[in-house]
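Student: Handing you a structure now.
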Amino acid sequence: MTPLDNEISRRRTFAIISHPDAGKTTLTEKLLWFGGAIQVAGEVRARKASRHATSDWMELEKQRGISVTSSVMQFPYRECMINLLDTPGHEDFSEDTYRTLTAVDSAVMVIDSVNGVEAQTIKLLNVCRMRDTPILTFINKLDREGKEPIDLLDEIESVLGIQCAPMTWPIGMGKRFRGVYHLYDDAIAFFDPQAEKGTAEIIQGLDNPRLDELIGTQADELRMDIELVRGASHAFDAEAYLSGKQSPVFFGSAVNNFGVQSLLDAVVDLSPPPIARPSVSREVLPNEPKFSGFVFKIQANMDPKHRDRIAFLRVCSGRFDRGMKVKQVASGKMLSINNAITFMARDRSTTDEAWPGDIIGIPNHGTIRLGETFTEGEDLRFTGIPSFAPEHFRLARIANPLKIKQLQKGLQQLAEEGATQLFRPLSGTDLILGAVGTLQFDVVASRLENEYGVQVIFEHYNCATARWIHGDAAELRQLSDRYSANVALDGADDPVYLAPNNVYLNMVKEKYPNLRFLEAREVA
């Protein structure tokens, strides 16, 4: 095996997806703790003290207890190198989550046992399904009274349309929660909330008399449950899992550390190493000798002391070496990357090398955009980083007119990293913001104040939807001349039609048949 093949086989790059409050941030912390990456699992409930969850580092996230940016964390576990991408937990940030899901090879879906499948989970799973992403399921909060496990599996199968293959099975729930049975190891792990790793004892075999000693009549209930589960549920099928058709299911309680290590072991044992990536011209294999990668996220001011911008790049093929010359395909320029970094949320360190599956950060001053491809020279363009038409719009006004330049710079940077979309109508000097959800405006206002020293006022803007305009240049000029207040340039200087309502949108579509009005576009 070549060094490249060896490093590829060791990589596991995955994201955690869930509905808000299903316990995703807690699970992230506990995975890091079991992986030895952090010393204290900084309980989310302790946020009101000074200790905040490792992956929630932005000021607004600390105040509200939600993740609004995607964090990247790398740590070794067993013989593997784990790249864990935490995703925004609030429904307003589905676009950032979508972009993050383009950079992973698998995902862990967290389901709250009390609430079952929720709206955001459905949306995110649909995104995973578009790419056939393999999904492990962690059913969380078994220490609370929730839905029956068999009902939860039925719900996942019927609502999400994915087969479930239980790998562990819970013994009771809430106050009667005693642990889980491992269906493929024939072992029982007993739950103890006081034990450091959540597990009091592990025994082998359903017929072990120690089982009856420890849980009494629940032992016979468990034996009956397992007989039923083995007969009624799907057996684990590696091929079905890797093609996104089946999800292995684990039960646990992340807040009590229980079931987390089994999940982390499954990431190592079941999840795929880096996979081939589609580009416009061809499929790129991870073990190709030449380096390639794409930018799936840009984050400004990760450390306000440094006033920096970091482009998060997923390595797709070959090996990255510090100081190597790479081609920024969009501009055709060759760059030397001497200061690439790896992450543990806000903590960062300079890296000398990176392999397929790894995420590296490239510091820059606004010269790198979302979706850009980097290679050793080939004119590749990786596909699939989307930008969606916003559903909410605001007009940005500034309290202090002397700070208009800071406002323009701040909005341009925040738009380039994907925190919001910025539109400048062809007539006038208005700055219009578009967002998938209204919380994004709060985030933008907070960041403008904290990072750029600008107080902004957002006013309602009369716009129902936006559409990117492609097609005949002459018709585009006619449209722009006639409706200059409604045609705007976005952050990448692409033309956009800002429709006051659907009647106007349908009217211009009829009037300009050689133009296409697109709801989404690829960023690059």
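Cβ from N, Cα, C; glycine included.
Grabbed the feature section from Swiss-Prot, which reads as follows:
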- 18-25, 86-90, 140-143: GTP binding site (BINDING)
- 9-275: domain 'tr-type G' (DOMAIN)
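Map these features onto the structure and tell me what's around them.
Tutor: Cβ-based neighbour count (10 Å, all protein chains) for Leu142 (GTP binding site) stands at 27. Taken residue by residue with DSSP, Leu142 (GTP binding site) is part of neither helix nor strand, so it is coil.
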Student: What does DSSP say about Ser18 (GTP binding site): helix, strand or coil?
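Tutor: It is in a strand.
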Student: Helix, strand or coil at Lys24 (GTP binding site), per DSSP?
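Tutor: Once the DSSP labels are grouped into three classes, Lys24 (GTP binding site) ends up as helix.
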